[in-house]
Amino acid sequence: MTWLLMPAAFLLDLLLGDPQWFPHPVRLVGKLASGAERLFRGMRFLPLRLAGILTALVVIGTTVVTVLALVVAAFLLHPLAGVVVSVLLLYFAIAPRDLYNHGSAVRDALRAGDLELARQKVAMMVGRDTSMLDEEGVARAAVESVAENTSDGVTAPLFYGLLFGPAGAWLYKASNTLDSMFGYRNERYREFGWASARFDDFMNYLPSRLTVLAVAGAAFILRLDPAGVFRSVKLGATLHESPNAGYPEAAFAGALGVTLGGERSYGGVTKTVPTLGLREGALDATTITGAMRLMYVASVLFMACGALLLFILSKSLQS
C-alpha cells in the first residue's frame, strides 16, 4: 500500500497544483526558520556557525517530528485518515504543477511578444537581475530554473518520500528551505548558513544524479537527445558552482540541444558561470515548452520506477 502513496500525491498535484487560498506548509517552515534565526543570533555568546547549526537542527527536527505526529495521530484515528493525511503531506512536498505554471507564464508572455512581462514572470523563478534580459536570456533563465527545480522541487522530494514516506519528504523540504533562506556566501550568512548549505548539498547528492537518468529516459521517449544528456553531464556537470545543480541543468541542456549558463547579473554585478551543453541552439518560447515536457516526463519516470521498486521490495519481504 505504501508504494501507492506517492503516485496518488503526484496525481493530486497534477490536478490541483498549489491552491492559492491555502497557506502552503513550506511557509510555516520558513517562519519557523526565521524565528529560530532570531533566537540563536540573539545569543551573542554563540559562534555564528554554531548558531546556524542549532537553527538547522531545530527547524529540521521540529518539521520531521510534526509530520510524524500528524501521520501517527491520523492512523490512530482511522487507517483511511492516515492514508489521506499521508497523501496530502506528500502532495504539499512536490511542485511539478507549480513549476509548470511559472514556466508557462514566461512562455506565454514571450509568445505574445511582451518582453517586459516575460522579464517580470521569469523574475519569479530566478534570483538574478532580469530587467535587461533579451528574449533568449529570458528563455535561458526559465529553462535553467525548470531544470534545477526538476530536482529540487520534484524528484528529490519524490526520492525521500518514496524511501521514508511523508517524514522523509519533509525532511528534504525543510533542508531545502533552510538552504534557500540561509545558504548564501555573503557576510551575513557565510558562517550562519554553513550547516544549512552543507546539509542541503548532502540531501541532493543522490537525487540530482538519479535525475540525470530520468531526464535521459524522458529524452528518449520525447525523441530528443538521450546520448547528449550523458555527454553534456560528463563534460559540464562538475563545472557548476553547486555540487548538485549542474547535473540536472547539464542533462536538460544536452537533451534540448542548447547551452545554459554564461553571464548573469546579481544586484548589478555581472557574474560568469560555466557554460553547460554541447550545442548552441536558439532558446525561445518553444524551448521552454520542451523543458516543461521534459520535466513532466522525467518526473513521471522517476516516480514510476521508484514506486515499482518499492512494490517489488514490499512483495519480496512479504514472501
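For all residues, glycine too, the Cβ spot is worked out from N, Cα and C.
Keep in mind that what you see is a predicted model, and the values were worked out from it rather than measured.
Database features (Swiss-Prot):
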TRANSMEM  57-77  transmembrane segment
TRANSMEM  80-100  transmembrane segment
TRANSMEM  152-172  transmembrane segment
TRANSMEM  210-230  transmembrane segment
TRANSMEM  294-314  transmembrane segment
Please work out whether the transmembrane segment (80-100) lies in contact with the transmembrane segment (294-314), by counting C-beta pairs under 8 angstroms that are 6 or more apart in sequence and asking whether there are at least 3. yes
Any residues 6+ beyond the ends of the transmembrane segment (210-230) with a Cβ under 8 Å from its own? 150-151, 155-156, 159, 237, 247-248, 250-252, 254-257, 278-279, 290, 293-294, 297-299, 301-302, 305
